[in-house]
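Novice: According to TrEMBL, the feature domain 'MacB-like periplasmic core' maps to 18-234. The transmembrane segment feature in TrEMBL is assigned to 20-38, 260-285, 305-333, 353-378. What TrEMBL records for 263-385 is domain 'ABC3 transporter permease C-terminal'.
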């Protein structure tokens, strides 16, 4: 009989206690995998979204620029705006190649809320990778649909079938007819989930006449970005940040939250480890005679030690594998659930499968299993065979 068979038989003998130990490790491993997958997925999504903005600098109204930009990226309406005339001032700033003003809001259609973004032709300069079926909005009331929006409308709406059709939307307490003149080819960003219109249309529909929410700025010389920001911030009530600064701030916030959750998970794993220790100690007590017999027929202390260490390790490994597997399968489901509770997040997949997450969620619980099995294994190895048989 080999070690694997003995370990398997030992686990099967105490099914309920073994199952509870595995369950505790499974829950902790699942939470660990989900936490790391969320962090890495969120950062990757935000990085992708910021890069897809096509700008190196984002100018917003003075206040908290990071909050405003985060709201903008999720299709929300920023708490403050800028007068439209600052766009020309920014455009005339040295080293600025393009200054694209934007207005952000939302409209209701098919009982759902959809992001509405007012832009100018300058946006095409920031996003040269855009491919449009149809044309760019030029006149009042014309819209450009993201690829996902267009498909959803075509599938569910009775109004929209082809380019040139109009849809009736609700914005606040009023209705508006918007003509679809273009459909954006898939970009892999939140643009796929957005509706674009002319700046004037968005300003009128969102009651932001003469105002803009942000100005996306592309520069000529990256090395002169600090000086460019300083020049832009010389304009009254304007605050500017780089895309890199926004990403860094988001990463720091995510890391701070992750550190707190990680401490909670460590506690959960320690509790799971204590459960494994208790299960293995009970196994030593229940199998005292068996241990004595194995030693009497020649089993060494090392062999007994390795046997009980392997059983504890097997319990934690099973829990870790179950937890990681469940986490991998439910990653996509988690994205849907998280969007119901987290406001500041991109509109597409956030949590994503990561081999790094899988490795940590398996190896860390396995390490806990080794540590938690050491004392029971040492205790079993130290049993005197004669006393074990006599006491039994």
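A Cβ is built for glycine as well, from the same backbone N, Cα and C atoms used for every other residue.
Unlike curated records, TrEMBL annotations are generated automatically.
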Novice: Going along the chain, which residues at least six beyond the ends of the transmembrane segment (305-333) come within the CB cut-off of under 8 Å?
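Specialist: 3, 6-8, 10-11, 18, 21-34, 37, 272-273, 276-277, 279-280, 283-284, 349, 351-353, 357-358, 361-366, 368-370, 372-374, 376-378, 380-381.
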Novice: Going by DSSP, how much of the domain 'ABC3 transporter permease C-terminal' (263-385) is helix, how much is strand and how much is coil, in residues?
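Specialist: Tallying H, G and I as helix, E and B as strand, the rest coil: 101 helix, 0 strand, 22 coil.
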